[in-house]
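A quick write-up on the structure given underneath.
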């Protein structure tokens, strides 16, 4: 089926070839690339604010304003805590009392997200994209209405409409839920929280546990499962939990919060085990939901799934042929570089004359806990589930060289999952310092189908932790795949 648009054919009938709702990672990429391919593009975004709502957001979106970027800045900030400890055995005599100034770091973080917000606006204008500030709503298959801050409604027609409105943190429905904050507020707290309770087992909860603990807070992390980070490799999940505990986080598995109560001293969080934990701040990191409620999609027949995410085909097209969607709002793989890939593929498909499907295989990702976890490809559990033959698992667990002097007791763990028959490396994971920096290179190898023999033929960089990935000679175990025919021999 032909998705292409020739920009001339009936452009005269529309104000724009493309109108994008949402100027975050995906929306900005799609708008710029479409404009570079000759399309006339309009885009709308809510007014800027570090904490989002249905009517405020900002150019740059979650990643830049209240996501990856400010989060990573805080992770860097928190990491110095452990580094200063480790420095002592390396001869650094830090005699005066060391204080941490949260307000200073927060101000620097805010300056940086404002700088990036301006850079994103400049990227749009340099590409010739027309930016409108206000809330977008789709009123017809080819018509968008933008409501400005003062209530003025503007209407524009477009041959194609792209939904790129992203997602927002959601709150569990428990008594006292209004006393809790989400990741939005956590990145912009006025005062440093000395006592924190975090509810959630995903990457956001684990990262904030590391951030606040690294800065000296008393942290209680509660999650429903036995281990945090469902969906990641079980061995890595256990390593992350162990490291959190080793660095002083109070970990509460198989625990959820039943009620929050305001007290003079702060907030008391009650758990389903009957515990009461007093905190200055309670953070809910219990998932995100797509921003689709106010777009008028049902009225237009744009199909949504049960979570409210926009359903799309493999080219990011919705059930209405002139309307497309990319990024978190489609709930495919909610990562910034994935939204960028989807935006690029959309522009090529619709305005570049080449049908391009996003490829979701072997996308590396990281959890910026301290120390971090990074993975690419299949976890051991996924590989076993999908395999029809045997799986070879290679693991290495070691005390990094840096720790031998600092005295820190924290093992790095690495793993390769290999198809025994073809020798192809199906997955790699690592929990330890610099995991994300190391995994990006491994991801290239996996993307191109590297075998274990090719890993083995690579000479390592010595001394480094990364070299362990090319020196794992003997498998730790051989596991039959779930689809392997059972014999009774």
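Cβ coordinates come from backbone N, Cα and C, glycine included.
Here is what Swiss-Prot records for this protein:
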- 25, 120: glutathione binding site (BINDING)
- 25, 26, 45, 62, 63, 71, 136, 328, 336, 462: FAD binding site (BINDING)
- 63-68: disulfide bond (DISULFID)
- 201, 204, 207, 224, 230, 287, 366: NADP(+) binding site (BINDING)
- 462: active site, proton acceptor (ACT_SITE)
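Checking each of the recorded positions 25, 68, 120, 136 against residue 230 (NADP(+) binding site) by C-alpha distance, the shortest gap belongs to 68.
The closest partner of residue 201 (NADP(+) binding site) among the recorded positions, by CA position, is 68; the full candidate set was 25, 68, 136, 462.
Between the binding-site residues 201, 287, the minimum number of other C-beta atoms within 10 Å of a residue's C-beta occurs at 287.
Neighbour list (residue 45 (FAD binding site), Cβ cut-off 8 Å, at least 6 residues apart, same chain): 22, 23, 27, 57, 58, 59, 131, 132, 133.
Long-range Cβ proximity for residue 336 (FAD binding site), meaning a same-chain Cβ under 8 A and a gap of 6 or more residues, is found for 25, 63, 67, 68. Cα-Cα distance from residue 462 (active site, proton acceptor) to residue 136 (FAD binding site): 54 Å (rounded to the nearest whole number). Closest to residue 120 (glutathione binding site) in space, going by CA atoms and restricting to the binding-site residues 136, 204, 207, 287, 366, is 136. Taking only the Cα positions, the spacing between residue 207 (NADP(+) binding site) and residue 136 (FAD binding site) is 32 angstrom. Nearest by CA distance to residue 136 (FAD binding site), out of the binding-site residues 204, 224, 287, is 287. The secondary structure of residue 366 (NADP(+) binding site), as reduced to three states from DSSP, is extended strand. Counted within 10 Å of its Cβ, the other Cβ atoms near residue 68 (disulfide bond) come to 15, all protein chains included.
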